Amino acid sequence: MATELLCLHRPISLTHKLFRNPLPKVIQATPLTLKLRCSVSTENVSFTETETEARRSANYEPNSWDYDFLLSSDTDESIEVYKDKAKKLEAEVRREINNEKAEFLTLLELIDNVQRLGLGYRFESDIRRALDRFVSSGGFDGVTKTSLHATALSFRLLRQHGFEVSQEAFSGFKDQNGNFLENLKEDTKAILSLYEASFLALEGENILDEARVFAISHLKELSEEKIGKELAEQVNHALELPLHRRTQRLEAVWSIEAYRKKEDANQVLLELAILDYNMIQSVYQRDLRETSRWWRRVGLATKLHFAKDRLIESFYWAVGVAFEPQYSDCRNSVAKMFSFVTIIDDIYDVYGTLDELELFTDAVERWDVNAINDLPDYMKLCFLALYNTINEIAYDNLKDKGENILPYLTKAWADLCNAFLQEAKWLYNKSTPTFDDYFGNAWKSSSGPLQLIFAYFAVVQNIKKEEIENLQKYHDIISRPSHIFRLCNDLASASAEIARGETANSVSCYMRTKGISEELATESVMNLIDETCKKMNKEKLGGSLFAKPFVETAINLARQSHCTYHNGDAHTSPDELTRKRVLSVITEPILPFER
């Protein structure tokens, strides 16, 4: 098969809609000219399959998005107007946060609202100073003697920002038998705050474990008739998934709509939140145009018909991992890698023969373009696309930061492909590994380590040797979010994978290893998720080896895992709810603020 050593730039038609089903047009799209450097083009490559060789099919749902429609951000002039307005509103909110005369509870609730509305990144230093002031003046000791709501709220905010506070703060709300006081149930707002705080627990913090059980049992008993519609919506939202496990953009859009219904809403804060949400959304649209052009040029979605095309879902995932506007490079890098992972996973899981998979794994390990001579045609296409993309990412990093990261990127891919290969061997041998053997491989095959290594080089400006060495060893900040990724994925996909004949899954392996029912195995996996979350919470306390932006990115990957797999596998089989979420985050602006 011949390959062209050309760089092709083909314009994209913007006459269709992003979603193939009719949807309201939100923003007028405008064309964008983008040049991309590449060494090998895969766009005009074709291949033929061996007709006599049987290939499995997973019958995946087809892609439901139309890449011909790429939304644009507003004009530069409009963005500048928005920036000026946002700057003025931001100054007003900053004054409120820095008001040393404000009552502590008022300040804490303001900080909580700022963060829920998606504005925390604008006020990081202000919030830290305010919390420092709160702690140094004895504020935390004071609120623990006043109300459960104030105690739980301050506890959660302080732990979120790396302060070491003791679970003993809640001991004062227990009776002589060690049970939480029954009269606390009369204050739903306080119970809701206690529930949210309990998810910041560390290993061995039994008081917080008891607090969660106590809060959940009461919150589930409440009805809208008893507490009112507004509070009932908050309770249901929290019980579905706690705040600490939600992605920030989805939480922001939900919180904005909930907050604007409040009679006592801070109108300046609300206006800034809506403006900020729409401004960041315009950045996502710009990023998506760039990534979509790359995907069309790569051409894998149209050439490899057996595999899932999930670029939009991969980009949406990347927004959850790094939502801040300054992290476009991270979003694009993670989206590209997850798109590749999705297709290559299908090659290993469904389409490739074991001999072919071993050849592909060897090619990735060697990272030599000449290795394509040993590959079947469809793998040549995939390997060249991967080879070009990763080399380009490494080149850009060398040019911009002076660091050759290619060995780290290629090792991450080699490790992933070896993990995929091990799973393929289990499948071909029709063997079910023990849970320990399975999981020791599966957290790597989740692609979590790979995504986080690519994310590290995108969000960290000053790359440190010690950090890189620990990345290579898959430090806890890499492994633990990946554990959560794998466990959440397995909970959501177990039934479908069993139907496809795949023998390795956390649930099925746990059933076989422990000799228990599917129900008990599922419960055990959920407990493993909880315990891993507690271990990961410690990364924010006592100072991490890694820079804060990367720590947040790693935690966000775990959050995105919770959200993506909470009600099924929203990446493999995106449903209507998933599509609505994608549209709300990427394309549909929030209606303007009106006084």
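Each Cβ is built from the backbone N, Cα and C atoms, and glycine gets one as well.
Annotated range for motif 'DDXXD motif' in Swiss-Prot, selecting from 120-124, 345-349, 460-464: 345-349. Same-site candidate for dimethylallyl diphosphate binding, as annotated by Swiss-Prot with ASP345, ARG486, ASN489, chosen from GLU290, GLU403, GLU423, GLU552: GLU423. Residue pair GLU423 (dimethylallyl diphosphate binding site) / ASP349 (Mg(2+) 1 binding site) shows a Cα separation of 8 Å.
Cβ contacts within 10 Å of ARG486 (dimethylallyl diphosphate binding site), excluding its own Cβ and spanning all protein chains shown: 27.
When every Cα pair among ASP345, GLU423, ARG486, ASN489 is compared, the largest distance found for this dimethylallyl diphosphate site is 15 Å. Taking the centroid of the Cβ atoms of ASP345, GLU423, ARG486, ASN489 as the dimethylallyl diphosphate site, the other same-chain residues with Cβ within 8 Å of it are ALA442, SER445, SER446, SER447, ASP490. Across the fold, the C-alpha of GLU497 (Mg(2+) 3 binding site) and the C-alpha of ASP349 (Mg(2+) 1 binding site) stand 10 Å from each other. SER493 (Mg(2+) 3 binding site) is 14 Å away from ASP345 (Mg(2+) 1 binding site) when you measure Cα to Cα. Taking all protein chains in view, 22 other C-beta atoms sit within 10 angstroms of the C-beta of GLU423 (dimethylallyl diphosphate binding site). Taking the centroid of the Cβ atoms of ASN489, SER493, GLU497 as the Mg(2+) 3 site, the other same-chain residues with Cβ within 8 Å of it are ASP490, LEU491, ALA492, ALA494, ALA496, ASN505, ASP569, THR572.
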